[in-house]
Amino acid sequence: MRTLWIMAVLLLGVDGSLVQLWKMIFQETGKEAAKNYGLYGCNCGVGRRGKPKDATDSCCYVHKCCYKKVTGCDPKMDSYSYSWKNKAIVCGEKNPPCLKQVCECDKAVAICLRENLGTYNKKYTIYPKPFCKKADTC
């Protein structure tokens, strides 16, 4: 499993907000993001897109749509500030508008993944991209 995690880090990169996103997901779900969601379903992970397989995968689909609305920065590379207070994610007030949007997108997916932990299905953990059907546009 450690090898899978290392491969996911190398494939996905760890700059900017990806590290923050992974931390948020861990804080909300208790799951390591790269290992559990890096290639989950048709939408979780970089470069994946398709009709969601379940509610967990739908969280990632909505997250990708949220990122598409962000302008003025790179959601995957630019860092923002946030804190974990009383078991809640709080996006930093001093973030520029673009990074505030990115933080809110990441916060929403982390909460969505926590709320849908019951739908997490190990059979979708490393789901083959060719099995994904075309998704509706955001």
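Every residue, even glycine, has its Cβ placed from backbone N, Cα and C.
According to Swiss-Prot, the active site annotation covers His63 (among others), on the basis of similarity to another entry. Residue environment of His63 (active site) contains 21 other Cβ atoms, counted within 10 Å of its Cβ in all protein chains.
What Swiss-Prot lists as active site is Asp106 (among others), and the listing cites similarity to another entry. Classification of Asp106 (active site) by DSSP places it within a helix.
Under the heading Ca(2+) binding site, Swiss-Prot lists Gly45, Gly47. Secondary structure at Gly45 (Ca(2+) binding site), as computed by DSSP, is coil.
Per Swiss-Prot, the feature disulfide bond maps to Cys42-Cys132 (among others); the stated evidence is similarity to another entry. Cys132 (disulfide bond) is surrounded by 18 other CB atoms, counting those within 10 A of its CB over all protein chains shown.
Residues or ranges marked as disulfide bond by Swiss-Prot on the basis of similarity to another entry: Cys44-Cys60 (among others).
Residues or ranges marked as disulfide bond in Swiss-Prot (evidence: similarity to another entry): Cys59-Cys112 (among others). All protein chains included, Cys59 (disulfide bond) registers 26 other Cβ atoms within 10 Å of its own Cβ.
Long-range Cβ neighbours of Cys65 (disulfide bond) (same chain, at least 6 residues apart, Cβ-Cβ under 8 Å): Cys138. Classification of Cys65 (disulfide bond) by DSSP places it within a helix. Here Swiss-Prot flags Cys65-Cys138 (among others) as disulfide bond, drawing on similarity to another entry.
Annotation comment: Swiss-Prot describes Cys66-Cys105 (among others) as disulfide bond, evidence class similarity to another entry.
A helical conformation is recorded for Cys98 (disulfide bond) in the three-state DSSP classification. According to Swiss-Prot, the feature disulfide bond maps to Cys73-Cys98 (among others).
Cβ neighbour count for Cys91 (disulfide bond): 20 (other Cβ atoms within 10 Å of its Cβ, all protein chains included). Swiss-Prot lists Cys91-Cys103 (among others) with the feature disulfide bond, giving similarity to another entry as the kind of evidence.
What Swiss-Prot records for 1-16 is signal peptide, and it gives experimental evidence as the kind of evidence.
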Site with most surrounding Cβ atoms, counting all protein chains shown within 10 Å, from the disulfide-bonded residues Cys42, Cys60, Cys98: Cys42
Separation of alpha carbons, Cys91 (disulfide bond) and Asp106 (active site) (Å): 10
Distance [Cα-Cα, Å, rounded] between Cys112 (disulfide bond) and His63 (active site): 10
Candidates Gly45, Gly47: member of the binding-site residues with the richest Cβ shell (10 Å): Gly45
Neighbour count (Cβ, 10 Å) for Cys112 (disulfide bond): 18
